[in-house]
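What TrEMBL says about this protein:
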BINDING   Thr23, Ser24  FAD binding site
DOMAIN    269-283  domain 'Glucose-methanol-choline oxidoreductase N-terminal'
ACT_SITE  His534  active site, proton donor
ACT_SITE  His577  active site, proton acceptor
Amino acid sequence: MPIVSTAVFLAVQFDYLIVGGGTSGLCVAARLSEDKNVVVGVLEAGGYDPDLPEIAVPGLVGHTMAHPIYDWTFFSEPQVHANGRSILQSRGKGLGGSSQARFLAGSGESLNSRTLRPSKEEFDALEELGNNGWNWNSLLESMKKARLVFLRPITKSLFPASIPPIHAALFDAAENLGVARCAETGHGVVLGAMPVFTTVDTRTATRSYAASGYYKPNANRSNLLILTGAQATKVILEDHTDGKKKAVGVEFIRDGCWLSSSGPERVTGSFQSPQLLELSGIGNPEILNAYGIETLINLPEVGENLQDHTMIFTIAEVDEAMDTMELLLDPQQQRKHVELYKSQRGMLASVPTSGSIFLEPSKLGNAEELRAWRDLAESQCSSYLSNIRYPRLKKGIQKQYKLQREWFSRNKQAEGEIIFFNGHYPSAELQPRLGKRYISLSAALMHPFSRGTVHIKSANPLDPPAIDPNYFANDADVEMTLRILRLAFKLQETAPLRDVIKERVSPSKEVLEGNEQDDKLKEYIKNTFSSVFHPVGTAAMMSRELGGVVDDKLIVYGTSNLRVVDLSILPMELACHTQSIAYAIGEKVCCFHLEEHLMG
């Protein structure tokens with residue numbers, strides 16, 4: 001899969017052209033190019049820097065975030081329901097996409113433990129939304145294709161290389177609050193406390209991601225060519241004999257030159273897929289006309305239905321004897337751990353997130369509190385639905401809300417996640433004090449009711465899209481986040497975790513004092529929350545009657561061969577980390593190619 005020059009790339013007639021060499025894109029590229037009779041091209045706007053420590057070293061995760069070379073550094077529109085804040089929408093830029101930039105929450109299997117996957121009900125819901133063959137059984141097979149089994153002792157498996165003692169104290173505290181440990185995370189029910197599986201190559205203690213897993217082993221394939229530094233600007237569509245539009249090429253810019261290449265397209269990216277579709281004339285005519293773009297396919301659902309996980313941190317100072325990430329601020333300790341890393345040991349060999357707790361509704365409130373929360377959600381969902389102008393989109397989101405209510409009532413789905421971070425989580429508002437040690441717990445919302453949008457804001461493809469997640473538009477999302485955060489407080493106050501905590505430093509004592517504590521905490525949430533960077537839904541895979549953008553083969557409605565292959569096709573958020581799902585989507589779409597090939 002050589003990285004080639006512009007001249008070489010333009011000289012090739014491709015059978016498949018993939019826009020974006022990200023998590024799903026490289027998976028698709030590698031699988032399609034297994035067929036030596038086809039030629040596959042990949043356009044990637046970023047570069048390829050596999051040896052960069054900030055990418056390769058697990059203990060340095062997060063260091064490429066907001067770096068313009070390795071991150072698109074998108075920001076949301078000012079959030080009306082979050083005091084006007086613009087929230088970072090980090091997306092990986094470069095071969096591997098967000099899998100080169102995220103926190104390594106994993107996919108894969110060891111011999112003794114399975115990866116953290118979504119629940120069976122969540123995957124089966126995809127079929128309920130009009131997607132034949134998208135269910136637990138089929139997607140389980142797709143996820144397994146992306147796994148790597150380590151024929152090594154369990155001490156060198158998917159678990160972090162260095163698990164801090166506080167990790168055990170967290171799980172013991174959870175058990176003392178009635179939250180059991182989850183012994184099996186791959187069987188379709190994801191609830192309880194569990195270690196975080198990490199995508200780290202234990203042979204080298206380096207990040208395992210799309211570029212290392214799908215690109216590097218196939219780098220010498222002559223039928224798969226990659227052009228880096230090339231940003232797609234438009235899909236070229238022509239009339240097809242079946243009355244639909246056919247993708248015949250893509251326009252792109254590289255080194256300031258506007259160019260085009262030919263081949264049926266597959267596009268990737270929860271923010272940039274809808275942007276590219278709209279720039280190509282696929283979307284809402286009102287939006288396209290406003291920027292002088294001819295509407296080729298009237299598809300007003302493009303860019304709608306945006307959902308994202310949110311998280312809010314509580315940070316506590318712990319005993320100085322504890323080994324937390326603040327150790328690496330000490331030059332002497334830093335040198336020590338650099339030496340340890342040479343033998344795949346120490347804090348640099350693993351990520352600081354070593355544990356998660358997934359919480360069903362009954363762990364977050366009593367029956368009366370949960371009933372009030374459900375009533376609030378339903379009331380505000382009804383209000384939101386009444387303002388949707390497009391009947392199909394309205395019907396689809398109505399179906400999504402129905403599924404969310406059923407999950408909540410059955411009490412078998414995680415509504416919240418508490419993530420353990422072995423250190424002071426990076427914050428612009430609050431910095432760690434030198435010589436101190438910290439731990440952080442995040443309260444993350446799994447199934448938000450709020451829905452947002454992603455649309456172009458000009459006809460210039462180099463302008464970022466207008467991203468409006470509409471965070472906390474539904475007050476029920478704030479209420480549930482508050483309940484998850486309060487459980488994180490309880491964990492800090494429960495033995496044995498409380499025995500190592502000296503004091504809570506965030507939120508401050510001022511926020512937690514007085515009679516209006518809930519109101520102050522809600523403001524704290526709105527003022528300090530961040531994205532978990534799991535955007536979905538903007539090119540939703542649903543039946544056309546439910547407002548889908550792509551069908552169950554991931555083909556854009558109104559086209560004969562243009563596919564969207566990324567997390568934007570998920571119609572609803574899943575209670576998990578999404579890296580493994582992105583791989584599964586890539587693996588599954590290649591099954592469609594095989595079926596089509598066999599059928600002639």
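Every residue gets a Cβ built from N, Cα and C, even glycine.
Nobody curates TrEMBL annotations by hand; they come from automatic prediction.
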Which listed residue (His534, His577) has most other Cβ within 10 Å, given these are active-site residues: His577
Integer Å distance between the CA atoms belonging to Ser24 (FAD binding site) and the residue listed as 'active site, proton acceptor': 15
Surrounding residues of the domain 'Glucose-methanol-choline oxidoreductase N-terminal' (269-283) on its own chain - C-beta under 8 Å, 6+ positions past either end: 19-20, 22, 72, 74, 89, 91, 97, 232-237, 293-297, 299-300, 302-303, 306, 454-456, 459, 461, 465, 467, 535-539, 549, 556, 558-559, 564, 566-568
Residue counts (helix, strand, coil, in that order) that DSSP gives for the domain 'Glucose-methanol-choline oxidoreductase N-terminal' (269-283): 8 helix, 2 strand, 5 coil
Conformational class of His534 (active site, proton donor) under the three-state DSSP mapping: coil
His534 (active site, proton donor) and Thr23 (FAD binding site), Cα-Cα, nearest whole angstrom: 13
Spatial separation of Ser24 (FAD binding site) from His534 (active site, proton donor) - C-alpha basis, Å: 14
Neighbour tally for Thr23 (FAD binding site), based on other Cβ positions within 10 Å of its Cβ: 32
